[in-house]
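First the structure, in the form of structure tokens, and then the observations on it.
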Amino acid sequence: ALVQLGQPCDCLPPLRAAAEQLRQKDLRISQLQADLRRPPPAPAQPPEPEALPTIYVVTPTYARLVQKAELVRLSQTLSLVPRLHWLLVEDAEGPTPLVSGLLAASGLLFTHLAVLTPKAQRLREGEPGWVRPRGVEQRNRALDWLRSGGGAVGGEKDPPPPGTRGVVYFADDDNTYSRELFEEMRWTRGVSVWPVGLVGGLRFEGPRVQDGRVVGFHTAWEPNRPFPVDMAGFAVALPLLLAKPSARFDAAAPRGHLESSLLSHLVDPKDLEPRAANCTRVLVWHTRTEKPKMKHEEQLQRQGRGSDPAVEV
């Protein structure tokens, strides 16, 4: 150590390195302080409703005690969805006051249609609902309106003009729908699909997806159907429907093949577009409202004290 006294010091490089570290720290602190003073970035804005493709929701409906209750529930779900057009088709010779009034009060953009199911296609007394397909004439009436217009009994009279971006969904009035489902289907290019809960005797039915492609279907009943999907489990791009005028629902289709009678004209199963996180989320449920028991009502009616028929239920 004594020998080193008076010798030149070789400490300049370490001092310079320490000084550079301090300078970098001061620079980083200045940058962080500037970031704190800068206003936060504006949140990403969703597209304006006018820029969204329109969702055309086709709903067949028929007169029964729970009709208004189910239509009210469905209309309030649909009111949460932007850029939506409701095609409500009554199984009747013409519009009924109940449905006309409900549509007028709904605040939705709608088209009101009506067509009576032929007697030969109607369920007979005591027949279970699965014996004959229901809502066939009504869904086909909506397809006719989308393709050529005419026949509307209320709401929007004119069909979408050529080139309209949109998607068509067949929504029965007794199902339960998540608002998310409609955003999942909105950008459909051909035919999009997803699972449906509480249907086919299963917790859910739906497509099986591998590497982003539909490779089969989770179903227990007639799995060899061309398209073993529920009516609530698919949506069709409007341009595709308009380009395939022969695509319709077949009232004579075998049990469980009504959906296939339409889809077979539109797409191959391998080209289906899986939605809802590759068909791993259930966003629609095949619920049914229990038929009300009216024994006390019938008893009071026999006594001439029935509920006031002027009160709409």
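The count begins at 1 with the first shown residue.
Just so it is clear, glycine is given a Cβ too, placed from its N, Cα and C backbone atoms.
What TrEMBL says about a protein is an automatic prediction, not a curated fact.
Features as listed in TrEMBL:
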type: BINDING; residues: P60, T61, Y62, D91, R134, R139, D172, D173, D174, H286, T287, R288; note: UDP-alpha-D-glucuronate binding site
type: BINDING; residues: D174; note: Mn(2+) binding site
type: SITE; residues: E205; note: site 'Interaction with galactose moiety of substrate glycoprotein'
type: ACT_SITE; residues: E259; note: active site, proton donor/acceptor
type: CARBOHYD; residues: N278; note: N-linked glycosylation site
type: COMPBIAS; residues: 290-300; note: compositional bias 'Basic and acidic residues'
type: REGION; residues: 290-313; note: region 'Disordered'
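Contacts of the residue listed as 'active site, proton donor/acceptor' defined by a Cβ separation under 8 A and a same-chain sequence distance of 6+ are given as F227, V229, D230, M231, F234, in order along the sequence. It is D174, among the recorded positions D172, D174, E205, whose Cβ has the fewest other Cβ atoms within 10 Å in the structure shown. Cβ neighbour count for the residue listed as 'N-linked glycosylation site': 16 (other Cβ atoms within 10 Å of its Cβ, all protein chains included). Under DSSP, residues within the region 'Disordered' (290-313) fall into helix, strand and coil as 8 helix, 0 strand, 16 coil. Among the residues P60, T61, Y62, D91, R134, R139, D172, D173, D174, H286, T287, R288 said to bind UDP-alpha-D-glucuronate, no two Cα atoms are farther apart than 21 Å.
Distance from the CA of E205 (site 'Interaction with galactose moiety of substrate glycoprotein') to the CA of D172 (UDP-alpha-D-glucuronate binding site) is 17 Å.
For E205 (site 'Interaction with galactose moiety of substrate glycoprotein') paired with D174 (UDP-alpha-D-glucuronate binding site), the C-alpha to C-alpha distance reads 18 Å. Put simply, the residue listed as 'N-linked glycosylation site' is 23 Å from T287 (UDP-alpha-D-glucuronate binding site) when counted between their Cα atoms. A separation of roughly 26 Å, to the nearest angstrom, links the Cα atoms of N278 (N-linked glycosylation site) and D174 (UDP-alpha-D-glucuronate binding site). In sequence order, E90, D91, A92, R134 are the residues near Y62 (UDP-alpha-D-glucuronate binding site), counting only same-chain partners six or more apart with C-beta under 8 A.
Proximity of P60 (UDP-alpha-D-glucuronate binding site) to non-local residues of its own chain (separation of 6 or more, Cβ distance below 8 Å) is seen for V89, D91, R134, G135, Q138, R139, D172, D173, given in sequence order.
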